[in-house]
Amino acid sequence: MVKQIESKTAFQEALDAAGDKLVVVDFSATWCGPCKMIKPFFHSLSEKYSNVIFLEVDVDDCQDVASECEVKCMPTFQFFFKKGQKVGEFSGANKEKLEATINELV
């Protein structure tokens, strides 16, 4: 399951609640073509990797979160571990790289 993040507080709470689990965050926008293309794949990964937390942040709805995380383009995927420490990031709708990065970190 992918959790939709609606606020900066909700983002921080989700990172805190994850504990030692890997958190994968998809920063996207409704108007972004590549974001729309990779969204179903991102959701399928959430079913496949049940021990990983998947979050979605709409950069238009949560500009403060996107700004704090220094998101410059969409889609951007960020990976967090252990109490919100960022351990990886890449931009672009690259399915293979997304799954490979999860496998490296999990």
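Backbone N, Cα and C define each Cβ position, glycine as well.
These features come from Swiss-Prot:
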type     : residues    : note
ACT_SITE : Cys32       : active site, nucleophile
ACT_SITE : Cys35       : active site, nucleophile
DISULFID : Cys32-Cys35 : disulfide bond
DOMAIN   : 3-106       : domain 'Thioredoxin'
MOD_RES  : Lys3        : N6-acetyllysine
MOD_RES  : Lys8        : N6-succinyllysine
MOD_RES  : Lys39       : N6-acetyllysine
MOD_RES  : Cys62       : S-nitrosocysteine
MOD_RES  : Cys69       : S-nitrosocysteine
MOD_RES  : Cys73       : S-nitrosocysteine
MOD_RES  : Lys95       : N6-succinyllysine
MOD_RES  : Lys95       : N6-acetyllysine
SITE     : Asp26       : site 'Deprotonates C-terminal active site Cys'
SITE     : Gly33       : site 'Contributes to redox potential value'
SITE     : Pro34       : site 'Contributes to redox potential value'
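Positions of Swiss-Prot features highlighted on the structure.
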{"residue": "Lys3", "record": "N6-acetyllysine", "contacts (Cβ under 8 Å, 6+ apart)": "Ala14, Ile53, Phe54, Leu55, Glu56"}
{"residue": "Asp26", "record": "site 'Deprotonates C-terminal active site Cys'", "contacts (Cβ under 8 Å, 6+ apart)": "Val2, Cys35, Ile38, Lys39, Phe42, Phe54, Leu55, Glu56, Val57, Pro75, Thr76, Phe77"}
{"residue": "Cys32", "record": "active site, nucleophile", "contacts (Cβ under 8 Å, 6+ apart)": "Met74, Pro75"}
{"residue": "Gly33", "record": "site 'Contributes to redox potential value'", "contacts (Cβ under 8 Å, 6+ apart)": "none"}
{"residue": "Pro34", "record": "site 'Contributes to redox potential value'", "contacts (Cβ under 8 Å, 6+ apart)": "Met74, Pro75, Gly92, Ala93"}
{"residue": "Cys62", "record": "S-nitrosocysteine", "contacts (Cβ under 8 Å, 6+ apart)": "Ile5, Glu6, Ser7, Lys8, Phe11"}
{"residue": "Cys69", "record": "S-nitrosocysteine", "contacts (Cβ under 8 Å, 6+ apart)": "Val25, Phe27, Thr76, Gln78, Lys86"}
{"residue": "Cys73", "record": "S-nitrosocysteine", "contacts (Cβ under 8 Å, 6+ apart)": "Ser91"}
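The Cβ of Lys39 (N6-acetyllysine) has 17 neighbouring Cβ atoms from other residues within 10 Å, across all protein chains displayed. A C-beta separation below 8 Å, combined with a sequence spacing of at least six in one chain, links Lys95 (N6-succinyllysine) to Ile38, Phe41. Within the domain 'Thioredoxin' (3-106), the DSSP-based counts of helix, strand and coil residues read 44 helix, 28 strand, 32 coil. For Cys35 (active site, nucleophile), the count of additional Cβ atoms within 10 Å of its Cβ stands at 21 [all protein chains shown].
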